[in-house]
Amino acid sequence: MSAGSGLQSVDFEIFGHVQGVCFRMYTEKEGLRLGLVGWVKNTASGTVVGQVQGPAAMVEEMKFWLSKEGSPSSRITRAQFTNQKPIDKLEFSGFKTRF
């Protein structure tokens with residue numbers, strides 16, 4: 001994919017009751033469903049962080065999912081998105097949970 005296809009990258013941090021509720025697994029599944037690449041991981045402070053890359057429209061859809069939906073048992077209080085930028089090519093393959 002070239003820059004002309006509108007690839008985007010964004011970092012995220014999700015706050016609330018988002019650990020111990022399969023949030024990472026659902027994030028991975030949603031990212032793959034949308035055709036995105038990236039990663040997700042728990043933090044020591046109780047949040048979930050990660051990075052998402054792919055077509056701009058799908059990245060926006062993922063941002064909405066991360067901030068409003070999440071896993072069925074999660075309670076999201078805040079979603080923070082940083083470093084959103086256009087990219088020339090995807091920097092990951094697949095969507096992975098990091099530990």
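Positions of Cβ are set from backbone N, Cα and C atoms, glycine also.
From a predicted model like this one, the values you see are computed outputs, not experimental measurements.
As given in TrEMBL:
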| type | residues | note |
| --- | --- | --- |
| ACT_SITE | Arg24 | active site |
| ACT_SITE | Asn42 | active site |
| DOMAIN | 9-99 | domain 'Acylphosphatase-like' |
>> Most Cβ neighbours within 10 Å: which of the active-site residues Arg24, Asn42 is it?
In response: Arg24
>> I'm trying to understand the geometry here, so how far is the Cα atom of Asn42 (active site) from the Cα atom of Arg24 (active site), in Å to the nearest whole number?
In response: 8
>> Please count the residues of the domain 'Acylphosphatase-like' (9-99) that DSSP assigns to helix (H, G, I), strand (E, B) and coil.
In response: 24 helix, 38 strand, 29 coil
